[in-house]
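Noted in TrEMBL for the protein shown:
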- 188-244: domain 'Protein translocase subunit SecDF P1' (DOMAIN)
- 404-519: domain 'SecDF P1 head subdomain' (DOMAIN)
- 522-685: domain 'Protein export membrane protein SecD/SecF C-terminal' (DOMAIN)
- 843-1024: domain 'Protein export membrane protein SecD/SecF C-terminal' (DOMAIN)
- 283-306: region 'Disordered' (REGION)
- 7-28: transmembrane segment (TRANSMEM)
- 542-562: transmembrane segment (TRANSMEM)
- 569-589: transmembrane segment (TRANSMEM)
- 595-615: transmembrane segment (TRANSMEM)
- 635-658: transmembrane segment (TRANSMEM)
- 664-688: transmembrane segment (TRANSMEM)
- 723-740: transmembrane segment (TRANSMEM)
- 863-880: transmembrane segment (TRANSMEM)
- 887-909: transmembrane segment (TRANSMEM)
- 921-942: transmembrane segment (TRANSMEM)
- 974-992: transmembrane segment (TRANSMEM)
- 998-1022: transmembrane segment (TRANSMEM)
Amino acid sequence: MQNKGVIRLFAIVFAVVCLWELSFTYFANQVENDATEVAAGDAERKQNYLDSMLTQEVYSLGFESMTYTYAEVKDRELNLGLDLRGGMNVIMEVSVRDILHLLADDTQDPMFMQALARTDSASTSSQDAYVDLFFQEFDAILAKSGGVRKYADPGFFGTQRITERIGFNATNDQVKTLVSQYVSDAVDEVYTVLKARIDQFGVIQPNVQRLEGSGRILVELPGVKDPERVKEILQQTARLEFWKAYKAYEIGNYLSDVNERLRGIVEVPEEFKKAVAAQSASDSTDSGFDASEFAGIEEDSTGETTEVDSAAAMAEADSLQNMFNPIWTIFSPNLDQNNSWQAGPFIGYAQVKDTALINSYLRMPEIRSLLPAQFRYVKWAWNRPTKGSNFVGLVALAGNRDNSPELEGDVITDARQDFDQMGRPNVSIAMNAVGSNLWKQLTGRLAEEQDIFDVPGHPSQLDGNGKRGYIAITLDGVVYSAPSVNSEIPGGRTEISGSFTVEEAKDLATVLRAGKLPVPTHIVQSEVVGPTLGEEAIRASFNSFLIALIVVMLYMILYYNFAGIVADISLILNMLFIFGMLASMKAVLTLPGMAGIVLTIGMAVDANVIIYERIREELSNGKDVRLAIRDGYKYSYSAIIDANLTTLITAIILYVFGTGPIRGFATTLIIGILSSLFCAIFVTRLVYEWRLSKKAKVTFSTKFSDGWMKNVNFDIIGKRKTAYVISAILIVISLGSLFTKGLNQGVDFVGGRSYTIRFDQPVDITEIGESVGAQLVDDDGEVYTPIVKTLGESSQIVLTTKYKVAETGVDAEIQHKVYEGVKGFFKTPVSEEVFMAQGDEAIGLVASRQVGPTIADDIERDAFWAVLFSLLAIFLYILIRFSKWQYSLGAVAALLHDVIIVFGIFSIFDGVLPFQLEVDQAFVAAILTVIGYSLNDTVVVFDRVREYFGHYHKKRAMSSILNSAMNGTLSRTVNTSMTTMVVLLIILFFGGDSIRGFIFAITVGVLVGTYSSLFVATPVMFDATKSDKEDDK
């Protein structure tokens, strides 16, 4: 063996580096174990202890440069995914629609708005970028209108922002290029701001990354305790603005004019008519007045009603219209006992549910036309509701021609949570030099400003409290504070108050420090895993990992004797390398990733098995141990590299198309394959070279395995037609089930929300579905009965619904409805706060997931392309390596055979087995893993076929050569399949509930793949070769 010294040095250095990287995880866990002991079950006390340790030295190697605090070791520990640690994972989508509208200066041009509407519709079923779809739709609309108008038209993108860059006469291509660049830059800015916000939030080991080409950003936040709070922080645009606010008495009377005008515009609601009729009936009963006369009808002698007087009916209608007050019915003016306007900027109050209707009234052109000239640019804004209140106040902001505030939040240099003189939480902010100067000018002007009107009741021209002016501080269009200005404020410091809790004030300070988002964003996919579920997943994964490792190691020793011990050493070193590389790369170890590592245990043995079986063949041919080892390794390289490269191809494709936990699975699989190759080919060879140099005995079998599968001679090619019939039956059954029963598609592919809920007693899923369905009713009366399935024990369910699937910002509402539907099924009553907490409690909502319809379509397309590209890549690789298309055809035929049967079994057994068989992203990962594994088997056989053809093609018939090749690799096929199956069955029985469907798919795939590598791939290649030769004749 050449370069032994270099390989030995590399292995030692690499092992030391991996141990060094993993040492941080050890010391971080030590601190957390101490915190658990100190806290004695008190979660808050545990967190306080950990916070106090952040700056404390916990790891030192005696050098100042190698001394680490808890915060530093925590940052460098092995990064566990959300499904193992708990936390949340969201995919945020930048609103490209809003960017386009902003670049066009919020134009309301009908053609532009039509293009946006058509793009909204097209984007739900297309994978093209929103901006590209927009220009496609826009081109079609412009062409239909005659093509006279261009993108640079003043009603479209002929705005100052655009024309300053490319001029007034820019071509459509120039405008499109610039607009696309603006969109890309906006996504970059959103990414930067979100990263800054998350850093401010103090989450350990966050992961923020752009999903290229999609305008989406993935955010993973392990260990988050309050998901709803985080969602609010992430989605908040944080557009901080300072506006002059009109006093209530300056503009309040305008609403009376609005009310009068609306009486002639708005139809009297049926509810109002019924209320008046009920009141009239009550009054007529008391006074002897006949209500039918008020209604304009009377009874004739036959008891039937007839029309009396149309004029009376019209009079009644007018009376109702005059009685109806569109504004005052839903809005309470801020008046005192004397019906004079109260001091301050708040004009009145309304319930939150009525604000949308009031806003629509105030936006009507015929209503805005009533505004006095000095108020024509007024902007209306509502204040932030206080906790527990359902009412908000209306403030009139002094707008201008440019629709710009007096001062914007980009001048903020610092923001922090503080307390006012009364001890109430607020936010203290500091401004830069420019902001300080503008703030000084603004406050000075408002302090000296005289009122516009000489209002009765306020002859001093000061408001009722002797205060001169008000500034409304708004965040994303919501008034957070409206302080009075009595004098000029120098220094650029001010405070924002608004009935905050300490947490709310901290959150506001966080988003202000991080800066504003350039455009709105919304969450299109989210997943929340409670810490309890995470801890259980870790425990289940560790148990399955340990059991699988022990079983495989014992089997290798039992079968290969000393060589089995060497393989076990290689396996342990392989695990060290995998975990060490994951830690050093800051890769995220997810639950599917953990399954990938356990699967790697089974597959890592394959390389050793290939080598050992070849060495045993060489020994049986009479070679001595040294020569047999040399030739065994030499003739195994081709099969090992080909088999692992094909699996590597599918893993890379999975990494490219996957996100979150699935990408974690692909990462561990890639690392595992590379590490396994190094350990099996080089590390084990070093051990044998050292052993032989000591003239020590080396054995490759035991009494149990010595004669195992020697001289077998199955006529597989001769029985291929029987195998074809069996495969055909399985495929027909599978397709039949797929076309009739179908697949249980998860929210990944159909969109929706799913909730994992744990009860304190067994529950009936049918009753839960009916109870929750009664809560999930839309405005049209349609009932959305959820799909409810048991997850593991009968006290744990997964509830899936498509109620309001396309709407954002309704998570809290839907979770409340789910709680209302399930609260009666707990043995011990559970409050909504405890149910939603997703904390350390073992009951309630333990995990949730949301996938919007657009991203569901994208996931489905990505899954299709991932499988298709895998098959294509494999076809091409085998064609290149084996130089004959017949090999590629045989391999792809076997893979299609495996995929169809796995799909079919998932369809047939869904609802039969005691765990979910849901088709989601994890299932796609399983399919690609099956493709890789099946191909691994097939390529090993093909490699032996190629070798035997080189030796015997002139001496023996093709069928004889193929049978010899398959029988020659049969021992390896059985051993590898057995070890892999043992590993998978251990995970299936001892792993967590959430990955059982995933592991079941791989288990079925390994069984079917082992069968197809022998009875489909090679026979199809044989028939294709035979047919091709017959055609040549």
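Note that Cβ sites are derived from N, Cα and C of the backbone, with glycine treated the same way.
Because TrEMBL annotations are produced automatically, they should be read as predictions rather than curated entries.
By the Cβ criterion (under 8 Å, sequence separation of 6 or more), the transmembrane segment (921-942) is not in contact with the transmembrane segment (7-28), since fewer than 3 such pairs are found.
Remote same-chain residues near the transmembrane segment (569-589) are listed as 11, 14-15, 17-19, 21-22, 24-25, 76-81, 84, 205, 207, 220, 549, 552-553, 556, 597, 600-601, 604-605, 608, 664, 667-668, 671-672, 675-676, 678-680, 683-684, 687 (criterion: CB distance under 8 Å, separation of at least six residues from the stretch ends). Confidence annotation: the domain 'Protein translocase subunit SecDF P1' (188-244) carries a mean pLDDT of 72 in the model. Remote same-chain residues near the transmembrane segment (863-880) are listed as 645-646, 649-650, 653-654, 656-658, 749, 887-888, 891-892, 895-896, 899, 921, 924, 927-928, 931, 935, 939, 942 (criterion: CB distance under 8 Å, separation of at least six residues from the stretch ends). Tertiary proximity for the transmembrane segment (887-909) is limited to same-chain residues at least six positions away from its ends with a CB under 8 Å from its CB atoms, namely 727, 730-731, 733-735, 737-738, 741-744, 867, 871, 874-876, 878-879, 917, 919, 923, 926-927, 930-931, 934-935, 938-939, 942, 1001, 1004-1005, 1008-1009, 1012-1013, 1016-1022, 1024. Long-range contacts of the transmembrane segment (998-1022) within the same chain: residues 592, 595, 599, 716-717, 719-720, 723-724, 726-727, 886-887, 889-891, 893-895, 897-898, 901-902, 905-906, 913, 915, 917, 922-923, 925-927, 929-930, 933-934, 937-938, 940-942, 945, 958-959, 962, 965-966, 970, 973, 977, 980-981, 984-985, 987-988, 991, each at least 6 residues beyond the stretch ends and with a Cβ under 8 Å from a Cβ of the stretch.
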